[in-house]
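Notes follow once the structure below has been shown.
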Amino acid sequence: MGAHRGEGRRDWLQQDANPWNIMIKHRQVYRRGRRSQMTMSYTDPVISMDLLRTVLQPSFNEDIMGVFRKYMKFFEKAASNVKENFEEDVQTEQLIREVCRNCLENAKQLFSDGEKSAVARPGPEPPVKRVKPEDESSQRTSPVPKKWDPSRLNEGSTFVLGSRANKALGMGGTRGRIYIKHADLFKYAADAQDKHWLAERQHMRATGGKMAYLLIEEDVQDLSLSNDYKDCPDLKMTPVELKPFTVPGWMIEKMQKAMEVQSSGKE
């Protein structure tokens, strides 16, 4: 008789492992508790579906990790290249975790309800606070509208090293994070001639074959005024921190051509 009870208990456990049975049981509990109120719904559909999600979540997580493992070699290679190209230490694991989170965040758009759903997306487009028309300064966000206009560059334009901008915006702990968080921000990859000129004038150290990016100071200043950074305690947008500088006309021409190429690529 004990064996019979043991088998019955195992059958019960196996039956409860089925997520559909959990939904049925949930409906039955509501039904028994509301016999005196037969006009009411037997169950809450949202709760039922969330119960099912809870049961299936571990399987979903395993499948999702399988997808990330499939593409992890690309993330690891990219993070390795970033670490190799920059002179300061780069926390590759943090870069990989952040790009994985961004992938999941953007995947929400697959299940959006159109205008009813506002999916938060990482990047240079922070939510704009609604303010009165006269208060225009608080509406300044990333320099998206003007960043691809080559004519805005001239010999009077000032530039900053990407590494200094990264630190000034409070992201000094993760080198290169500014390029991930603001992927659409214009950045100019200095070539050997540019780096030689910059090193001679002590705007940067000689980096050999490592990458060096130049950002437009105005763009970085605009970023610092956006909602992404207005409450950042580590924000240090001072000339001492940024060390802006101008460049000669021949370098401006190369930047304008690079901007045109990047603009056509985005469009």
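Note that Cβ sites are derived from N, Cα and C of the backbone, with glycine treated the same way.
Listed in TrEMBL:
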type: COMPBIAS; residues: 127-138; note: compositional bias 'Basic and acidic residues'
type: DOMAIN; residues: 48-113; note: domain 'DNTTIP1 dimerisation'
type: DOMAIN; residues: 157-255; note: domain 'TdIF1 C-terminal'
type: REGION; residues: 114-151; note: region 'Disordered'
Would you list the DSSP helix, strand and coil counts for the residues of the domain 'TdIF1 C-terminal' (157-255)?
40 helix, 11 strand, 48 coil
Which numbers of helix, strand and coil residues does DSSP report for the domain 'DNTTIP1 dimerisation' (48-113)?
58 helix, 0 strand, 8 coil
Which whole number is the mean pLDDT over the domain 'DNTTIP1 dimerisation' (48-113)?
84
